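Colleague: Reproduced below are the annotations present in TrEMBL:
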BINDING   CYS22, CYS58, CYS96  [4Fe-4S] cluster 1 binding site
BINDING   CYS168, CYS172, CYS175  [4Fe-4S] cluster 2 binding site
DOMAIN    13-133  domain 'MTTase N-terminal'
DOMAIN    154-390  domain 'Radical SAM core'
DOMAIN    389-451  domain 'TRAM'
Amino acid sequence: MAGRRRQGIDPLKKAFVKSYGCQMNAYDAARMADVLGAEGYAATDQVEEADVVVLNTCHIREKAAEKVYSELGRLRVLKGERAEAGRDTRIVVAGCVAQAEGAEILSRAQGVDVVVGPQSYHRLPALLAASREKRVVDTDFPVEDKFDHLPARRNRGVTGFLTVQEGCDKFCAFCVVPYTRGAEVSRSVAAIRAEAEAMVAAGVREITLIGQNVNAYHGAGADGAPASLAGLMAELGRIPDLLRLRYTTSHPNDMAEDLIAAHGSDPLLMPYLHLPVQSGSDRVLKAMNRKHTGDHYRALIARIRAARPDIALSSDFIVGFPGETEAEFEETMRLVADIGFASAFSFKYSPRPGTPAAEREDAVPEAVKSERLARLQGLLDAQRHAFNAATVGKVVEVLVEKAGRHPGQVAGKTPHLQAVQFDAPLAAIGTLVPVRIVQSGSNSLFGERVADAARAA
Ligand code: 5AD
Ligand code: SF4
């Protein structure tokens, strides 16, 4: 419709991409921006000036899914306003709501032009072109590998996510992921190494390997035999200038021996582990189809701590799973007290259509869920504060990521994934700097650079 554009309007096409939910979605959103970039769309953070708007959606809890529809309502108004000014706007719904609801989105949200699932977004240019004729839905799990069809990634920044595995075969009774993201698939070591090398060449110094079930990774190695996550990390450790590795998110039942050992021996692997447990009650864990008990988890953590005593632990919790009693919730509180977490995410159970737990008729009342969540978060917050306070006075190595809040400051992360602000020139970005922590705030640590005489010598 360029011919109908009024004079004075910026001829450069622009794309606005917004992501909800997990790191997998953040990665996909960045890759969609790359796909659109290769088509001549410049990225914008001003939705009003975007010719293409992509919402990369999350279906994990009801609240996340509902957010999308209210955003689509606002976008429909914006699209109308832009049309009056002679400007076309294409609205794309991507991600897990797209996968789960497909064509239903077209009937619920009139402004939407394209619905595209997480496995087919490499087809975005063709879908956008087709949408000029009629609204399109593509929620296939295509035979071709989307990674083979994505343009080279553009990196901005010192840290980056890299998808190594997608999908989940675990079928926890509450979770939509096995339905929206499909079965577990791992990328090959060679493909991941090539992407990691490109990231490092572009300035990335810390890579977080991501997957819905990342420690179930079993991609093909150089000899064609499946490699483990620990094996993959050892391979990536050979890339010069890569300083740090992390991985997320994991299932307790896939913490293989070699992965536990890597926490003690792999010099790039940071001492931080996000290992969702969901509940401390064996009856609830069984009803959740988690296939582990509270004591399995405790024993596993003991082994991981034996390999890496200073490891910082993080987890996910669900309160108010159908049938959860007060005593069973107390078992979750006890597990948290026993383990001690550096950080955590906790949620009220939210029934998801199509999952086995959604069929249950013994729902916990909303008020009870809220009260339990507040108690659990109180304990987890206290543990997080204690963990951060214990760093005060210590010298930690900070990977500097960006300018800090105030002029003259930079911001980065400790090995334990704590945010730190301290005074240093911007030239420190991308380097490891020893920093003495002097104060622990609510969301950040504050420190000062250690004049490291030994290093200078
Ligand atoms: N209700 C509440 N929380 C959920 N999660 C997954 N599904 C649900 C649900 N139906 C949480 C789990 C998971 C995290 C990503 O989201 O804790 O680990
Ligand atoms: Fe969902 Fe369970 Fe798979 Fe995690 S392991 S993605 S909670 S089904």
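For all residues, glycine too, the Cβ spot is worked out from N, Cα and C.
Can you tell me where each of these features sits in the structure?
Modeller: In the structure as shown, the Cβ atom of CYS58 ([4Fe-4S] cluster 1 binding site) sits within 10 Å of 22 other Cβ atoms.
Cβ neighbours of CYS172 ([4Fe-4S] cluster 2 binding site) (same chain, under 8 Å, six or more residues apart in sequence): GLN278, MET288, ASN289, ARG290.
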Colleague: If you average the pLDDT over the domain 'TRAM' (389-451), what number do you get?
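Modeller: Averaged over the domain 'TRAM' (389-451), per-residue pLDDT gives 96.
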Colleague: Look at the binding-site residues CYS22, CYS96, CYS168, CYS175 and tell me which residue has the greatest number of other C-beta atoms within 10 angstroms of its C-beta.
Modeller: CYS96
Colleague: Using the recorded [4Fe-4S] cluster 2 site (CYS168, CYS172, CYS175) as reference, state which further residues of the same chain have their Cβ within 8 Å of the centre of those residues' Cβ atoms, listed in sequence order.
Modeller: LYS170, PHE171, PHE174, VAL176, VAL177, PRO178, GLN212
Colleague: From the Cα of CYS58 ([4Fe-4S] cluster 1 binding site) across to the Cα of CYS168 ([4Fe-4S] cluster 2 binding site), what is the distance in angstrom?
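Modeller: Taking the Cα atoms only, CYS168 ([4Fe-4S] cluster 2 binding site) lies 16 Å from CYS58 ([4Fe-4S] cluster 1 binding site).
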Colleague: Measure from each Cβ of the binding-site residues CYS58, CYS168, CYS172, CYS175 to the atoms of ligand 2 and list the residues where some distance is under 6 Å.
Modeller: CYS168, CYS172, CYS175
Colleague: So which other residues, same chain and not among CYS22, CYS58, CYS96, have a Cβ within 8 Å of the centroid of the Cβ atoms at the [4Fe-4S] cluster 1 site?
Modeller: TYR20, GLY21, MET24, ASN25, THR57, HIS59, ILE60, ALA64, GLY95, THR180
Colleague: Where the criterion is a Cβ under 6 Å from an atom of ligand 1, which of the binding-site residues CYS58, CYS96, CYS168, CYS172, CYS175 meet it?
Modeller: CYS175
